[in-house]
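Asker: Have a look at this one before I ask anything.
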Amino acid sequence: MAMQMNSVVHVSTSPSPSPATSPPPEGKQEHGEVAAVHVVGVGDDEAVMVVKDEEAFGGGGVDYSGRAQWLRAAVLGANDGLVSVASLMIGVGAVSESGRAMLVSGVAGLVAGACSMAIGEFVSVYAQYDIEVAAARRRRRQRRRRCDGDGEEEGSGRLPSPFKAAAASALAFTVGALLPLLAGGFVRPWAPRVAAVCAATSAALAGFGALGAALGGASPARSAARVLLGGWAAMAACYGVLRLFANLY
């Protein structure tokens, strides 16, 4: 796997004699070119810049960190939908052998969970969006005061999209929740229905755990076992609590 190297360079912000004679940042150079330089902060006498190696320096030129974060969030959202709906269906199955009751409870859990995930993600990301916009405006005002309006405008950068984050979270939850619904929602006998939900949920939990570990560079087998045990514990707890509640009332 190609590795991307980052280095922090401190350079003086005092005006240089000439742009043509100004030395480049002390970053990694090859073929007379410097890797991409991004200003991340401005102090009183110096600017802090991050130098990212491009493809010519063995870094591949592509930053996969943002993509990995989105994929990991999608895997976690799907895992939430899977465990929530499966536990809900198993819990309802503990007090009723009706296949229709299990199916309706699963659909209700899917809709409620997807809406909850979308709204929560929207509020969270929109708060982050507001914070980053406010920080960018403060940096722009500070730079204008230091440079008397002669400095170049800073790029807006990548700001999070609250609508995209909400849609992705709801979609991931829905995909995970559909698995136990499709596995056991239409099986009429009670025992095969519960077994189908448990089997499909277990297989999906192991797959989601291994995929999340692969995206994070961890051990897939260990992560799959951990997620699988957690899902089993959630389903067992839901079944036991509702069974006890039904016996008491």
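Placed from the backbone N, Cα and C atoms, the Cβ positions cover glycine too.
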Asker: Scan 1-32, 129-160 against Swiss-Prot and say which stretch is down as region 'Disordered'.
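Answerer: Matching range for region 'Disordered': 1-32.
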Asker: Do Arg72 and Pro189 share a side of the membrane, as Swiss-Prot has it?
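Answerer: Membrane side for Arg72 and Pro189, as annotated in Swiss-Prot: different.
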Asker: Taking every residue in the topological domain 'Cytoplasmic' (1-74), what is their average pLDDT?
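Answerer: Summing pLDDT over the topological domain 'Cytoplasmic' (1-74) and dividing by its length gives 46.
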